[in-house]
Amino acid sequence: MIEDKNQQRTSLENLGEFGLIDHLTKNFDIKHKSTVKGIGDDAAVLDFKSKKIVVTTDLLIENVHFDLSYMPLKHLGYKAIMVNLSDVFAMNANATQVTVSIAVSNRFSLEALEDLYAGIETAAKIYNIDVVGGDTTSSTTGLIISVTAIGELNEEDIVYRNGAKPNDLLVVTGDLGAAYMGLQVLEREKEVFKVNPQNQPDLDLYSYIIERQLKPEARQDIVKLLKDLDVKPTSMIDISDGLSSEIIHICKQSKVGCDLYENKIPLDPQVISTCEEFKIDSTTIALNGGEDYELLMTISQEDFPKIKANPNLTVIGFITEESRGMHLVTRGESRIPLIAKGWNSLSDQE
Ligand code: ADP
Ligand code: MG
């Protein structure tokens, strides 16, 4: 569906494992003092002095987590880094290093891996992180990418999932549901393409939601913003599986309940119009869509004046006593229990 403009095809066999690693990693420069040794030895060496360290890993598997028929490899490289940085930022930490491991079959050419690494390199540049290692191996089927991200922060700045207190405000960054709707559009175009390969889809109407699916941004800016506003959330989590599931994580771990207001959930106009076109309820998508990579946090009422004018932060509800349970307050003002469907099971609702 997405035309392969890179016509040259160099087989991986010609390079050998070490040649390939050297080739793919030659442009990575070191930006952080904490990176004492990066790529090139048996292990990287890091020195964080008195800081606390956060470490997180994600595994991405072809045809489970991504589909190369509409995901350009450059975007995939970028997204693989974002998915991990998002977890680092959700701890309120500053991301500093990543390792990138790949398993590839001989279906992939050197040029294809160059594209993947171009995306990784762009992400490393924009987000100011060092790529300090990884592993390269062959796979008999598709492409597998595993990224581990490392971040640093002072102990007193760490924000866990379990600190939410009754009366805290429930706050979300950005808008929700766009990545999922972008995926629906891409899946639809893939089906159209199968029937008519000559068809050139006009995707202008969906540019924002497709970009949210193919090229998400992790919210590094929010960690900085919170510092600038002098606000430390009482709890925080990144939104990878859908708002509903993440709220439930915070409530269960913090032993609290919540009231989430349907009419406060931030939606982009393109999400609303595409939901209408697909005849799906936009609240369902925001609650269960996933892959938003926004941050969900709880903030003490005292901090409300500091955040209320900020366009990046939307108050969507508040925390209650655990005994009150977790609820969605609908536009019609009925209170319905929150359940986590997760984006995987969305296909079998209706
Ligand atoms: P080892 O045999 O000890 O696993 P490798 O030969 O696999 O070492 O790796 C050599 C160096 O290259 C190490 O620093 C390793 O972290 C790095 N490296 C290997 N594969 C990748 C990759 N796909 N991306 C980034 N760095 C890599
Ligand atoms: Mg190795």
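Just so you know, glycine gets a Cβ as well, placed from its N, Cα and C.
Note on the domain 'PurM-like N-terminal' (40-152): DSSP counts are 34 helix, 44 strand, 35 coil. Per TrEMBL, domain 'PurM-like N-terminal' is recorded for 40-152.
Look at TrEMBL and you will find D42, D87, D238 tagged as Mg(2+) 3 binding site. DSSP assigns D238 (Mg(2+) 3 binding site) to a strand segment in the three-state reduction. Sequence-distant neighbours of D238 (Mg(2+) 3 binding site) (same chain, six or more apart, CB under 8 Å from its CB) are S86, D87, F89, A90, A218, R219, E246, Y293, E294, L295, L296, listed in sequence order.
The 10 Å shell around the Cβ of T56 (Mg(2+) 4 binding site) contains 21 further Cβ atoms across the protein chains shown. Residues or ranges marked as Mg(2+) 4 binding site in TrEMBL: D42, T56, D87.
Around D58 (Mg(2+) 1 binding site), the same-chain residues at least 6 positions away in sequence with a Cβ under 8 Å from its Cβ are A80, V83, N84, D87, S146, V147. The Mg(2+) 1 binding site annotation in TrEMBL covers T57, D58, D135.
Under the heading Mg(2+) 2 binding site, TrEMBL lists D58, D87.
The substrate binding site feature in TrEMBL is assigned to H65, E291, W343. Cβ neighbours within 10 Å of H65 (substrate binding site), excluding its own Cβ and spanning all shown chains: 17.
Neighbours of Y117 (ATP binding site), defined as other CB atoms within 10 A of its CB across all chains, total 23. The ATP binding site annotation in TrEMBL covers Y117, G134, D135, R161, S240.
Residues or ranges marked as Mg(2+) 5 binding site by TrEMBL: D241. Around the Cβ of D241 (Mg(2+) 5 binding site), a 10 Å sphere holds 21 further Cβ atoms from the protein chains shown.
Sequence-distant neighbours of T57 (Mg(2+) 1 binding site) (same chain, 6+ apart, CB under 8 A from its CB) are N84, S146, V147, T148, A149. With respect to Cβ neighbours within 10 Å, the binding-site residues D42, D87, D135, S240, E291 differ, and D42 shows the lowest count. Site extent for ATP: among the recorded binding residues Y117, G134, D135, R161, S240, the largest C-alpha separation is 33 Å. This prediction places the mean pLDDT of the domain 'PurM-like N-terminal' (40-152) at 97.
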